[in-house]
Every structure is written in C-alpha cells, then in structure tokens.
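K.L.:
Supplied in structure tokens, the structure appears directly below.
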Amino acid sequence: MAFVKLLTFFFLQLILVVLALDLATAQGLKLGFYQKRCPSAETIVNQTTARFISRAPSLAAPLLRMHFHDCFVRGCDGSVLLNSTKNNQAEKDAIPNQSLRGFQVIDAAKSAVEAKCPGVVSCADILALVARDAVSVIKGPFWPVPTGRRDGRTSILSDALNNLPSPFSNITQLKASFRSKGLSVKDLVVLSVIRKRKIDAIIFIGGHTIGISHCTSFTNRLYNFTGKGDTDPTLDPNYIAQLKKKCKPGDATTFVEMDPGSSKIFDTDYYSLVGKRRGLFQSDSALLADSATKTYVQQQATPNGATFSTDFAASMVKMGQIGVLTGNSGEIRKRCAFTN
C-alpha cells in the first residue's frame, strides 16, 4: 500500500513537470529546439560543463544562481552576461551580481557551439543548459530544459537592483517578488535554494543546499538587528554564538558554510536547518513566517526530502520561461558578453 501511494505521488509530480513543459511550449520554447539546425548543441554544452565542474565543483552553485539572476531581471534573455560599456553600467556590475562566478564556463560552451554551428544557439539557452548540467554533475536534481530563447540587447544595472530578491527580504516582499514573475509560493520556497546565495561558492535553500556566504550577508542579525545592538530573535541563540566566533563586526572577508557539511553537494539538509532556526539569511527565516512555506520546509526536513527533486525540476522549468524572447525578438549573440 505504501508503495502504491509513493508511486501515485511521483506520478502526480511528473504531471506537474509535464504541465510546466506544456506552458513553455506555448511560449515558443520546446525540447530539442536545435535538433535540426545544430543537433549536437546540447551534447557540446553538457561536455563542456562537465569538464569544468569535474575540476571545480564549487562552480555549480554560482552557475545556477547566475541563471536565476538572469531570469529575474528582464527575463531569461542572457542580459546578466553582458559587459558594461563606457555609456552603460550592466547588470553584471550590480552589487548582487558582483559575486557571480563561472562566466568562463558560459564563454567556453558558447565558443564550442559556435565552432560547430555559427549563429544558431543563443547565450540565454546556453546559460539555462549549463545551470542544469552543472547541478547534474554534482548529483543534484535533473530537469528538462526547453530551448528556443533569444538573447536580449539590453542590460541595465538598476534593473538588477530593483528586481532581484534581497537576502534581507521578509516573506511579504518575497511572495510579491515571485508573484510578479509568475511564480507561486511553492516555487518561492523550492527556489530559495538558489536565491539566497550571496555566495562565492556553491549555493541553494532547496537549491541552496550547496554554498558558502560572506559574513556581511548576515552579520546584522548577530550584532545590530534593529539598530540597537541586538540580535535577530528568529535566529537560534546557540547558532548566533557559533557565528559570532567566525564573524566579527565589520568582517568582509570571512566565509561561512550555509549548509554545514554539505557545501559541495546537493541535498535537502538546508530545510532541516531552517526549521531549527539556523538559516543564515533573514530571507531564510522568513520562510517560517508563512504557513504555506513553513509547511513545505517541515515536509522537506524529513529523511531524504522525498518531494524536493521533482518539485525543483518543475519550478526550474517554470523559472526558465520568465520573459523569454522567441521568434524574431532579440538576437543570437556571437559572443555572450557583447551584443552583435
């Protein structure tokens, strides 16, 4: 009986992924979009990504976060990849994006694909594929990536500041941010895995379960939460004491593991930490302030986080559709850091 219930559950979760793929198709994306014009494109991207991640697993989280930051600003159009010019400061130079790493992986994958099929595969699609393949290499969830995105021609620093969720956001702000992108409350708690990583290594809450963070992202919770020299009451006092040993006031260089013991793997231990009031960021603790997000955190804190991988796949497919350019919109860049 238990097996039948489990099988039924996973079947229902599979339906959610299929529905998400149907929505992507309606927006002009589809699986195997390049099958006729560049049939080896996805294989080339996968092999390039695997080569980098096998040598530097800590790049997986930043690449995943890069995809998230791209989609939340102007849609999934590769705008986060563009360099600033003398007349314009691009998203890449916004404070939330200054810790992004792994641009060399995107550039290498693009160069390899261009050598085979010039002017066919967009940088936006390459970023989406690299993010998926990087997580897969470190034994994280796999999700289908419909392709067909085109590259945007605009990248503005202020857009990143105005659209990316802050690690200091409360639950009301987080829900509004995700809702504005067509994402649900469930997507919010699932993708928190990625979003809270103001990290320089690997990150994720469900997706956040790999990563490290600078002390500056959370020391206000340890020393001056309300401006009166106090601590954040939503953070476990014993955890505060541990963090104070590592992060002194004004420390801008020290790193702390977001998910102790799991900083280079993809698991669901992070949910257990959040449930114990040991999430590093204010936005982590915010997940316990809403009944729906709190319930999901508690469910995933059970052994092996039974539903997370499938939930994550469905949410990633949805996120990858935000504001996509298709058809004749945008362009196919020759180099990802520059418009044509």
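Just so you know, glycine gets a Cβ as well, placed from its N, Cα and C.
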K.L.:
Just confirming the record: what cysteine out of Cys38, Cys71, Cys215, Cys247 does TrEMBL connect to Cys117 via a disulfide?
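P.N.:
Out of the candidates Cys38, Cys71, Cys215, Cys247, the one TrEMBL links to Cys117 is Cys38.
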K.L.:
TrEMBL annotation: Cys247 disulfide-bonded to which of Cys215, Cys336?
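P.N.:
So the cysteine paired with Cys247 in TrEMBL is Cys215.
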K.L.:
Measure from the Cα of Cys247 (disulfide bond) to the Cα of every one of the recorded positions His69, Val73, Asp77, Glu91, Pro165, then give the nearest.
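P.N.:
For Cys247 (disulfide bond), the spatially nearest of the recorded positions is Pro165.
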K.L.:
Could you check which of the binding-site residues Asp70, Ser79, Glu91 is the closest Cα neighbour of Cys117 (disulfide bond)?
P.N.:
Ser79
K.L.:
Across all chains shown, how many C-beta atoms besides its own are within 10 angstroms of the C-beta of Cys38 (disulfide bond)?
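P.N.:
Result for Cys38 (disulfide bond): 18 neighbouring Cβ atoms inside 10 Å.
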K.L.:
Calculate the distance in Å between the alpha carbons (Cα) of His69 (active site, proton acceptor) and Cys336 (disulfide bond), and round it to a whole number.
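P.N.:
Cα to Cα, His69 (active site, proton acceptor) and Cys336 (disulfide bond) are separated by 16 Å.
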K.L.:
In sequence order, which residues at least six apart in the same chain have a CB under 8 Å from the CB of Val73 (Ca(2+) 1 binding site)?
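P.N.:
Listed in sequence order, they are Ser79, Val80, Glu91, Asp159, Ala160, Asn163, Leu164.
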K.L.:
Can you give me the Cα-Cα distance between Asp77 (Ca(2+) 1 binding site) and Pro165 (substrate binding site) in Å, rounded to a whole number?
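P.N.:
Pro165 (substrate binding site) has its Cα 18 Å from the Cα of Asp77 (Ca(2+) 1 binding site).
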